[in-house]
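Input: a single structure, listed below in structure tokens.
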Amino acid sequence: MSVRHFRSLLDLNSQELRQILARASELKKMLAEGVAHEFLKNKSLAMIFEKSSTRTRVSFEAGMTQFGGSSIFLSPADSQLGRGEPIPDTARVLSRMVDAIMVRTFSHDTVETLAEHSSVPVINGLTDSFHPCQLLADLQTYFEHRGDIQGKTVSWIGDGNNMCNSYINAAELLDFELLIACPPGYEPMQSLLDDNKDRVRLLRDPKQAVAGSSLVATDVWASMGQEDELQKRLLDFADFEVTPELMSYANNDAIFLHCLPAHRGEEVSAEVIDAPASLVWEEAENRLHAQKALLEFLLCS
Ligand code: CP
Ligand code: NVA
């Protein structure tokens, strides 16, 4: 059987995604109840980080430890990647030593190239284009608190970035309506919008985008690698802060999610992110459980 990768959510079909989300909740329960689950004993995960991380690194490392396996952190600063060793060579070498490779990088092509030359699963831990691991956690959080997301309305407010692109993938796989409000010039990938005209709408008014919504999500206005654009972005996104007033246009039981790290007073106000409707801490925790379910799916099925 050919090796399965997780370059974007679309490497899964709807049924597989649902299976992983259900398993994530099971694994969460097993961990809480102290049930042994060393399903990846003696397996190892190489983790390449070309950008900073707290949640992704810790959740993958802790997850591998809980599974009885181990993880190896690699950064360009202290590996040959930083000295120009080609990605295909890195993929070939790591494939012979570890059981899976996770990569956080800039260009999505790097993930594609790694996957092309790797004989073990490659997992996208964030690129400029997608952040599929985060979507596993976001969806798990929604399912655990509100049930099935199919047919629901979800709002994305702010930058049409890697997270937004992955929300579009999720809308396609799980059949929900996605209303995106972003300023001109900050739209998500046009090809994704074109492929999902029936369920994804691009709007300019955040109030219109949260009307009837069950889930309001946002992210930073300047992603990693865009630090130089921050001042311009602060001006361009000024009308896109998720405030209590904006949340009042959503459904009464709408939840708020943010992949974190967050900037209170920019993309979200403290009154929203620190309120009971905000499930961001559980969302962050679910990175651990969802990625364990993903690792098990890729390595054991
Ligand atoms: N949400 C997320 O991916 O966090 P880190 O950048 O800390 O990994
Ligand atoms: N869009 C953000 C997500 C961080 C987890 C970034 O790419 O920096």
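Note that the numbers count up from 1, one per residue, in the order the chain is shown.
Cβ from N, Cα, C; glycine included.
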Co-listed L-ornithine-binding residue [TrEMBL; alongside ASP219, SER223, MET224] among ASN162, ASN165, ASN286: ASN162
Candidate sharing the carbamoyl phosphate site with SER53, THR54, ARG55, THR56, GLN80, ARG104, HIS131, PRO132, CYS133, GLN134, CYS259, LEU260 (per TrEMBL), from ARG23, ARG146, ARG233, ARG287: ARG287
Candidate with the highest Cβ count within 10 Å, taken from the binding-site residues MET224, CYS259: CYS259
For L-ornithine, whose listed binding residues are ASN162, ASP219, SER223, MET224, the greatest C-alpha pairwise distance in Å: 12
Sequence-distant neighbours of ARG287 (carbamoyl phosphate binding site) in its chain (C-beta under 8 A, six or more apart): ARG55, THR56, SER59, CYS133, GLN134, LEU136, ALA137
Sparsest Cβ surroundings (other CB atoms within 10 Å) among the binding-site residues GLN80, SER223: GLN80
Those binding-site residues in SER53, ARG55, GLN80, CYS133, ARG287 whose CB falls under 6 A of ligand 2, listed in sequence order: none
Of the binding-site residues listed as ASP219, SER223, MET224, the one whose CA lies nearest the CA of SER53 (carbamoyl phosphate binding site): MET224
